[in-house]
Amino acid sequence: MWLLALCLVGLAGAQRGGGGPGGGAPGGPGLGLGSLGEERFPVVNTAYGRVRGVRRELNNEILGPVVQFLGVPYATPPLGARRFQPPEAPASWPGVRNATTLPPACPQNLHGALPAIMLPVWFTDNLEAAATYVQNQSEDCLYLNLYVPTEDGPLTKKRDEATLNPPDTDIRDSGKKPVMLFLHGGSYMEGTGNMFDGSVLAAYGNVIVVTLNYRLGVLGFLSTGDQAAKGNYGLLDQIQALRWLSENIAHFGGDPERITIFGSGAGASCVNLLILSHHSEGLFQKAIAQSGTAISSWSVNYQPLKYTRLLAAKVGCDREDSTEAVECLRRKSSRELVDQDVQPARYHIAFGPVVDGDVVPDDPEILMQQGEFLNYDMLIGVNQGEGLKFVEDSAESEDGVSASAFDFTVSNFVDNLYGYPEGKDVLRETIKFMYTDWADRDNGEMRRKTLLALFTDHQWVAPAVATAKLHADYQSPVYFYTFYHHCQAEGRPEWADAAHGDELPYVFGVPMVGATDLFPCNFSKNDVMLSAVVMTYWTNFAKTGDPNQPVPQDTKFIHTKPNRFEEVVWSKFNSKEKQYLHIGLKPRVRDNYRANKVAFWLELVPHLHNLHTELFTTTTRLPPYATRWPPRTPGPGTSGTRRPPPPATLPPESDIDLGPRAYDRFPGDSRDYSTELSVTVAVGASLLFLNILAFAALYYKRDRRQELRCRRLSPPGGSGSGVPGGGPLLPTAGRELPPEEELVSLQLKRGGGVGADPAEALRPACPPDYTLALRRAPDDVPLLAPGALTLLPSGLGPPPPPPPPSLHPFGPFPPPPPTATSHNNTLPHPHSTTRV
């Protein structure tokens, strides 16, 4: 008997000490997934210790159980001196760590002024429910949640083009599971991975789903532009989570060689930025970007120092030295920092990713043009009516938008995005013209529809198409979709299309298990079918890089209606046809999504902007003081690498804004005038618009000729000297050049060295395809050119005195004269600083 008792005690101890799934020594192989489903609280070993999960049954007979590991630490808590620092690997823990409850959310403020126009509709419509997920907040928040399937999925038919009725074939994947890491959105200010239960997606798609918390707002993205606080801590948190997965996911039955990152909104922007960062190289293989890119106006913060100053002043940390200011901010409580109301320019962000020369080494578009994302398969798309929140405030009634409200909204949109008064008049009228339905221009509902399309096209569609095209230009696999469905929920206007974030419940399989507090919809069988379709596409892509393979579309288990997606083959996006999949109840593969409007934003608007800047370079006026950082006397620690403020000359009396402007209406809007005057105004406006188009065409042709000339004259890049073309460095290191010689020297460097033609060096540089300035706020400081990185001194002092004007609005600025503490134009070490 005593021998039997000893044996039983030994078995129990073995189960507690690692005899369960993933048991054994840390770093050893985990056990099979089948054993995970046999225990109520399975234990898995990781490189840092053992964790105990919990087995959950799902409310659907076709879905197998899922083991959840909630609140697993992937980094050391960023407390004290670790605030405003990159994350570190977690410390090991003794015994078995309980991972059965959700972790705390990162500090955020849902009760302050929210950027509602940028947040998902389901979030803003259910703020009380969303608040329950972030009630438990802590700066110690760097945790992830893992959802591991316990079954390999049902038998299904294997796609066979040659067989009309293929037999049931076992294509279940019993090996290592693909891994899908979800990056939540929320304008980099709100949200948590706890809001998204990955159980249904894991069980239905036979993948391991992971969600995480990363630092948000000021704690995740504050930047001073120098070594004191480089920023991008939230992105570094995501990279650290990927490192943890690469090291540990095999213990949970996952495949570290098949990791896919996916996100929505700001999370999708993070996906794009991680694709472009060398820090994440080799940590994942595929990427899905839902309604977000790295080249939207809200994706990157181009003026972080401005908002850092504002925050520091609000909490009593306004110091001239940036190191002292950051140390002061470290001593403040997280709640005091998070609760400060620091409002960005409309359509922009106050705290978000910055171009630091390291994590984000250059402007995202420049990196994409250089082919920095060739190693990743990509799936990207948008929803039909992303800009719903932009329009709701302008919708005065159920009858739509009045003509005056339409004009005001467009004017406000242009005023907040473009910083030159003369150019805005041209852009404003051109945008109104393009987004007026001339067949039914007096219809308020049609005005509302076109206004919704305007915001959607500018903020989501055009950047997404540009990103997909840049990817496809390098023959890299990319799939594009448009989502045309949303669930029926109370409070949603009948005229609303699929808005920002409406695809998320279908991606996570919410219709299969019923409505939740965040998604209180009346889900129908069609919703269940569409969710199954989306999950199949997403998990197929995670498995093979092809959303069509290996699992075909088959939803006969839901209802007897045929699934139209069974006959659809999702084609790759290419630069010519630009194919995309229309995801809705009537799916179809089409090409050139909103091609006219996309070309308008990507081609015509940048040239109109260039036209203005070239015509008015000698008469640039100071933008409104409300959007400009006030000038100060230069301090001793101020860098000279920043764009100078415009000359402090007041505009002529006729240009001073004395009140609300009565913007010109479209011809025919002023019905109080006589017929003759109306005809005169109509003809005049038409001629004006034709002149604008003619000028735009002329300048476009001139720019194309100039671009071709630049390409012909540009020699192949060299690598020996660090100068484009491989020529020797210009002899300017020992002396300070006059401004004119500095400009010529810089243009000669870009043109190919000393041997280049000086006359050609004085020509404007070739502008980028998608003008960078159009994504910045009116008072944003532009980026330096690629390869022109310099370290900013440690100071939060006032801006420097203005250097001579640039030869081109998008060209580089002359480098500062060398000093005892200055650096060369190469990155001095792995951590460079923000270019502001």
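Cβ atoms here come from the backbone N, Cα and C positions, even for glycine.
The compositional bias 'Gly residues' feature in Swiss-Prot is assigned to 717-728. Annotated compositional bias 'Pro residues' per Swiss-Prot: 796-819, in sequence order. Annotation comment: Swiss-Prot describes 824-836 as compositional bias 'Polar residues'. What Swiss-Prot lists as N-linked glycosylation site is N98, N136, N522. According to Swiss-Prot, the phosphoserine annotation covers S714, S719. As annotated by Swiss-Prot, region 'Disordered' applies to 623-661, 711-735, 791-836. The topological domain 'Cytoplasmic' annotation in Swiss-Prot covers 700-836 and is backed by sequence analysis.
Look at the glycosylation sites N136, N522 and count other Cβ atoms within 10 Å of each Cβ; N522 has the fewest. When the alpha carbons of N522 (N-linked glycosylation site) and N136 (N-linked glycosylation site) are compared, the span between them is 29 angstrom. In this structure, the CA atom of N136 (N-linked glycosylation site) is 18 Å away from the CA atom of N98 (N-linked glycosylation site). Proximity of N98 (N-linked glycosylation site) to non-local residues of its own chain (separation of 6 or more, Cβ distance below 8 Å) is seen for V51, R52, given in sequence order.
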